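**Q** Positions annotated as domain 'PurM-like N-terminal' by TrEMBL: 26-138. Summarising the annotation, TrEMBL assigns Mg(2+) 4 binding site to 27, 42, 72. Look at TrEMBL and you will find 27, 72, 207 tagged as Mg(2+) 3 binding site. Here TrEMBL flags 44, 120 as Mg(2+) 1 binding site. Marked as Mg(2+) 2 binding site by TrEMBL: 44, 72. Sequence annotations record features per position, and here TrEMBL assigns substrate binding site to 51, 258, 314. The feature ATP binding site is assigned by TrEMBL to 119, 120, 146, 209. Taken from TrEMBL, the feature Mg(2+) 5 binding site applies to 210.
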Ligand SMILES: Nc1ncnc2c1ncn2[C@@H]1O[C@H](COP(=O)(O)OP(=O)(O)OP(=O)(O)O)[C@@H](O)[C@H]1O
Ligand SMILES: Cc1ncc(C[n+]2csc(CCOP(=O)(O)O)c2C)c(N)n1
Ligand SMILES: [Mg+2]
Ligand SMILES: [Mg+2]
Ligand SMILES: [Mg+2]
C-alpha cells in the first residue's frame, strides 16, 4: 500500500463518482444545491478508543462514522446529499484497514444514497480520529429544532433504547455475546425517513447520542419546559429486556447513549399524524412521557417517584 496519493487515487476517487466531487482532482467540491431548499450541515468526530474500539471491524467503523452524522440530519428532518471526510490516521490503520474501511464506507454511502465530495487525510498521530461533515437539505423553513416543545405536548422516541450501551459492554468483553446488541453499537441506523416525515408534526426533535435522559434534558432546556419520562414506557428490545432489572437497569439503558434514535415532541391532537409518519417511514415510535412546566428532564418510576439520576448520560470533559 502506497502513501496518501495512492490511497486517494485507488480507494477514495472511486467513491467520489459524482460531478460535485470533480474526481477529487480540484481543491474543493462544487455542488449545485436543489433550488430554494435550506441547506442543513453537521459534523461529528469518531475517535479510536473513545467512540469505537481498535478491534472493531473497519467497515463497521466507516458505517458508524456516516450513520452518526446522518442521524443529526435526521434529527433536523433533512434529506442527505453529500459528505466530506477528514481522516487522521495512526500506524495501526494500515493498508488492509484502509481498504476494509473504504469498502464499508462505499456500502454505507450506497445504502443511504449520499455522495462523497472530498475531505482530507493526515497520518502520524497516535490514535485515529475520523471526522465527517454531512450536508443535506429541507423544504424552506421546515428544519426541525430542539426548542419548540410546549407544555402539554407528548414525548415520543423511535425504536428501542439502550441496545448500543449493552453492545459496547459486549465489545469490551464485559457481557455475554449477542450479535443484535453488538450490531446496534457498531452499525446504528439513522432515522432519516422518520425525521423527514415529522416535518410540520413534531414541535421539537433531536437524535439520542449521549443518552435518552441527557438528550431529553437538552430539549427541555432549549424549549424552557420539563420533559417527564415514564421509565417503564421506554421501549427496550427483547434482548435488552432480558438484561435489564428494575429501576437501576432502566436508568442504565436510559443513560448509555449511542442509540441514534429520534426523540421528539408533538401536540396530543397530532397522535394520528405521528402514527401515520411512523407507518410511512416504517419506524416504530413509542410515547414515553409528557411535557410540563419547569426546565430539563425528570425520570419517573412505576410508583410515580422521580428517580432522575445525577448523571444523565455521556459528556466529554
Ligand atoms: N467544536 C465545535 N465547533 C463548533 N460547533 C460545535 C463544536 N462542537 C459542537 N458544536 C455545536 O454545538 C451543538 C451541540 O453539539 P453536540 O455535539 O452536543 O450535538 P450532536 O452532534 O447532536 O451530539 P453528538 O456529538 O453527541 O452526536 C451543535 O450545534 C454543534 O454543531
Ligand atoms: C470505546 C467506546 N467507549 C465508550 C463509548 C460510549 N460513548 C462514547 S462518546 C458517546 C456519546 C456520543 O459521542 P459524541 O458526543 O462524541 O458524538 C458515547 C455514548 C463508545 N461509543 N465507545
Ligand atoms: Mg456532535
Ligand atoms: Mg445530535
Ligand atoms: Mg455528544
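Count begins at 1; order follows the chain as displayed.
Keep in mind that glycine also has a Cβ here, set from the backbone N, Cα and C atoms.
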**Q** Between the binding-site residues 27, 44, 119, which lies closest to residue 314 (substrate binding site), Cα to Cα?
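**A** Ranked by Cα distance from residue 314 (substrate binding site), first place goes to 44.
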**Q** Please list, in sequence order, those binding-site residues from 27, 42, 51, 72, 207, 209 with the Cβ less than 6 Å from ligand 4.
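**A** Passing the 6 Å Cβ check against ligand 4: 72, 207, 209.
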**Q** I'd like to know which of the binding-site residues listed (42, 44, 209) lie near ligand 2, counting only a CB under 6 Å away.
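**A** The binding-site residues passing the 6 Å Cβ test are 44, 209.
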**Q** By a 10 A CB contact count over all chains shown, which of the binding-site residues listed here is most packed: 51, 120, 209?
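**A** Selected residue: 209.
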**Q** Sort residue 207 (Mg(2+) 3 binding site) into helix, strand or coil using the DSSP assignment.
**A** strand
**Q** Measuring Cα to Cα, how far is residue 42 (Mg(2+) 4 binding site) from residue 120 (Mg(2+) 1 binding site) in Å?
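**A** Residue 42 (Mg(2+) 4 binding site) to residue 120 (Mg(2+) 1 binding site), Cα-Cα distance: 17 Å.
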**Q** Taking Cα atoms as reference points, which of the binding-site residues 44, 120, 146, 207 is nearest to residue 258 (substrate binding site)?
**A** 207
**Q** For residue 119 (ATP binding site), just count the other CB atoms lying within 10 A of its CB, please.
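**A** Result for residue 119 (ATP binding site): 18 other Cβ atoms within 10 Å.
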**Q** Which binding-site residues are spatial neighbours of residue 72 (Mg(2+) 4 binding site) here, meaning Cα within 10 Å, out of 44, 120, 207, 210?
**A** 44, 207
**Q** Among the binding-site residues listed here (27, 44, 51, 207, 210), which has the Cα closest to the Cα of residue 119 (ATP binding site)?
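**A** Spatially nearest to residue 119 (ATP binding site) by Cα position is 27.
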**Q** Using Cα coordinates, what distance in whole Å links residue 44 (Mg(2+) 1 binding site) and residue 209 (ATP binding site)?
**A** 11
**Q** Counting only residues 6+ apart in the same chain, whose Cβ is under 8 Å from the Cβ of residue 207 (Mg(2+) 3 binding site)?
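**A** Listed in sequence order, they are 71, 72, 74, 75, 190, 191, 215, 260, 261, 262, 263.
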